[in-house]
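Undergrad: Dumping the structure here so I can ask a few things about it.
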Amino acid sequence: MEERQNQSETHSLSSSIGAKLKKNDEQISTWWLVAITGVVVGVYLLVYWNWVSMPIALRRADESTHPDRFIAEVAKQHLFEMSNVGPRVAGSYANEIITVQFLLRIIKEIAAEANPIHRVEVEVQQAYGDMFLDYEKYPQTSVYQGIQNVVARLIPSQRKDPDNYLMLSSHFDSVPQSPGAGDDGTMSVIMLEVLRKLSQSPHAYDHGLVFVFNGCEENTLQGSHAFVAHHPWFRKVRTFINMDVAANGGRDIMFQAGPKYSFLMEYYRDYVPHPYCTAVAEELFQADLVPSETDYYVYSNYGNIPGMDFAHSTWGYLYHTAYDAYDTIPNATLQHTGDNVLALARALANAEELFAIDDHEGSKAVFFDFLNWFLVYYPLWASIILNIGLSVIALLAVSLSSWLLSRGKELTIWQLVLQGLTDMGVILLSIIVGAGLSLVLAVILNAVDSTLSWFTQTWLIFGLYICPFLIATCSAPVLYIHFIKKDHLSLHTRVQSLLNATCVLYVVILIVLTAMSIRSGYLFTMAILFYTVTTLLNASLHVFVKQTSVCWLYVHLIGQIAPIAYYSSISLTSFATFIPMQGRGNAGANPELLIALFAVLVGLLVTGFLSPLVALARKAYLFIALIALFFVISIIVMVTSAGFPFRAHTTPERFYIYHCTNEFYHHNGTLRRLEGGFYVHPQDRYTGDLIRELAIKFATNAAPLGVQCEKELYCGIPFYQNTHHGQRENSLWIQGNTFTLPETIELKHIDTQYVPTLNTTTFFFTAKGTDHMSFYVSPVRGVKLVDWSFSKSIPRSGLPWNGQDVHYINFVHGIDDRPYEFHITVQGSATKPLEAGWSFYLNVVAQYMHHEQYRTQEFQQFIHLFPDYAHVVAYPAHLISKIF
């Protein structure tokens, strides 16, 4: 009996030693993991090199040999002249006179040199109108008076005016204190050169072309609305190409198309020489993750026509700053965008679809470029079929692979299923833990005021957020295989089983995204497609060829090269676009969370089919320790001066500061309060700390608005946009002196008319001030606003104030600076005894955006206290609050 027991123990020990030896034979060197990492990094660097590589910019001397090509040097010379006038704020002399005359001159020169087969016409549209922007908490009525658009059209000279037009659009105005070379001077001069080249063609186009140089985009998209609502040429426009900029340099990305007119993507695919687009960008933009809007919104929603939206969006640190200057725009960027727009415009100008565009309405499309080489495009309905079909094939391939791997191991079907579910649980748990670690770190960094360390040092994103994710996703397979008790499967079989489980999880994600009609699910389609191909190839090798234990690994790794390259491109686009935006977002939001989510998604896509391979290494813990070391190094760098977010001239910190004079009046017209000071509108997480330090140097205090927001309508602050009221909890007020200006507000109550039968009272006013003004209208309780002259009907109220409706009117005048006449009609009587005889509050605000000469000495002294890495948009603002 004892002898048998000893024999059994000896056999068990022998089996255990044999299994360990077998396992050691199956393991690979840790250097394999280092080599794989090196290949991934190498692929990323190659993709980056491809991403920054641009076409050679053509000069005037090249035009004789390239007569049909866009000439970047011509556009750059126009950009120099256009940006050299300084900021082009709507209503300013620089915008309304100098820039308009510049555009007219250049277009007339183009017309004089055009081929006689074409006729180029140009005119200046002077527009008056209004539109309602139905934002959730802060809707606003936008009113414009005498704003200007320069509009040109290219039509055949020897036949009648075409019935269908293609429109190209950009804007030539800029924000305060920015020369606007990028936003949007770049696209304006590209349009000029496109017009020149199209007009020189020896062939007439089937359709007319309209070029809209929009003179008031930065203020609630008013210029595009003016063209849509009031210009007769728009009635013939069937589709459009809109061009805007949120960065300096880089490629132009086509980030919105349609909607539902997918033939536009076919033209983009077939004619654009440097494709750069993705449905991911479109969905992120339309999900309001980008804190801005373009004229595409107006053309689509007010004009009800389909089109395409182009933009420069990568590395937008200088966007809306004084550094958005001529010398920051590379000629190669002009060439890249010019080549694309010129080719697309030529094609659409002869497109058959424009003769009856309504017949070509389809569905939204999935679209993306592959490394800027070619475009992949298919309609939404096709993506549903593709995703479902691929999911079925992938599941069958995984099932076949699992059966072949377990063949001869005497496992039942249920054991196979249980094994697969266990593997899925391990992978899913590792992803959840990894994502959780990254997001928890984002929350911690936000709590301890250590955000935005990656704003300049972008590589820190990998160390801070991708490393914790990788530690979890690499450790889980290693620990799982180390502690598992059953030895019926080989090490390589277990790793392949984990890869199969990863594929099944991706299939589940893809099915969910497809069911939600999220087109960005194609990211998982690509991962599943390449893994399915390599899995079927390995299954074939397993059946027909006696492959070695490591042969499948080579096939698998080769199959991952293309997805990794594409995901590297996506990561470059995502981070280069969204990192600069975090410096101009909501100061109350956590900028780390969005970046951490992007990092986790990139980590999942790039390493999802690589992480389980770590379990094959003999000393896997060394590789995991290397990742942990990089994480620790990133933390150390983050807390040093190298981790400070901002740098002078390249990655500045943005500040908006108004020097305010606020006047508040009683119902009888007497002054109840007069105050002066500096209102600081926050842009990022560090605004408050710096302002408090500067206020101490200025011998005063910076205080939150606090109860001021309960006492006064819109906190008694002369907001440029009512949406800024949403930042009231993060805003700061610094007490200062009042000022007087030559263009002070003149609000005159002209007349009052009461209609007894309707119990309505109409108040008539005139208001004169600067070119950017706004009106806050808030009826007291018991009084209803029933009519006004700002728009045809009374829109819904925004966020209430002390139980009262609040209406915000944004007003801009361009070339016409006459006093603005308006009336307000109310019905009913005040219900509160203290408000007896009152009807409504009326606040009038003037923003002196391009009047630096009006800065007081006190204001200048305060601005000069800011560090060199700060970009300060600072100008006077005046508010008058009255009760009628």
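Backbone N, Cα and C atoms are what each Cβ position is placed from, and that goes for glycine too.
Pulled these features from TrEMBL for this protein:
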TRANSMEM  30-51  transmembrane segment
DOMAIN    149-344  domain 'Peptidase M28'
TRANSMEM  380-405  transmembrane segment
DOMAIN    423-637  domain 'Endoplasmic reticulum metallopeptidase 1/1-A TM'
TRANSMEM  426-447  transmembrane segment
TRANSMEM  459-483  transmembrane segment
TRANSMEM  495-516  transmembrane segment
TRANSMEM  522-545  transmembrane segment
TRANSMEM  557-581  transmembrane segment
TRANSMEM  593-614  transmembrane segment
TRANSMEM  621-644  transmembrane segment
DOMAIN    650-879  domain 'Endoplasmic reticulum metallopeptidase 1-like C-terminal'
Undergrad: So what's near the transmembrane segment (459-483) in sequence-distant terms, Cβ-Cβ under 8 Å and 6+ beyond its ends?
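TA: Long-range Cβ neighbours of the transmembrane segment (459-483): 426-427, 429-431, 433-435, 437-438, 441-442, 445, 453, 491, 494-495, 498, 575, 579, 595-596, 599-600, 602-604, 607-608, 611-612, 614-615, 620-621, 623-624, 627-628, 630-631, 633-635, 637-638, 643.
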Undergrad: Which value does the mean pLDDT take for the domain 'Endoplasmic reticulum metallopeptidase 1-like C-terminal' (650-879) in this predicted structure?
TA: 94
Undergrad: Applying the under-8 angstroms CB criterion, which one of 522-545, 557-581, 621-644 scores highest with the transmembrane segment (380-405)?
TA: 522-545
Undergrad: Would you mind listing the long-range same-chain contacts of the transmembrane segment (30-51), meaning Cβ under 8 Å and 6+ residues beyond its ends?
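TA: Apart from its flanks, the transmembrane segment (30-51) reaches 251, 371-372, 557, 561, 564-565, 568-569, 572, 606-607, 610, 613-614, 616-620, 622-623.
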Undergrad: Give the nonlocal contacts of the transmembrane segment (426-447) in its own chain as ranges (CB under 8 Å, at least six residues past its ends).
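TA: Contacts with the transmembrane segment (426-447): 453, 464-466, 468-473, 475-477, 480, 498, 501-502, 505, 590-593, 595-597, 599-600, 603-604, 611-612, 685.
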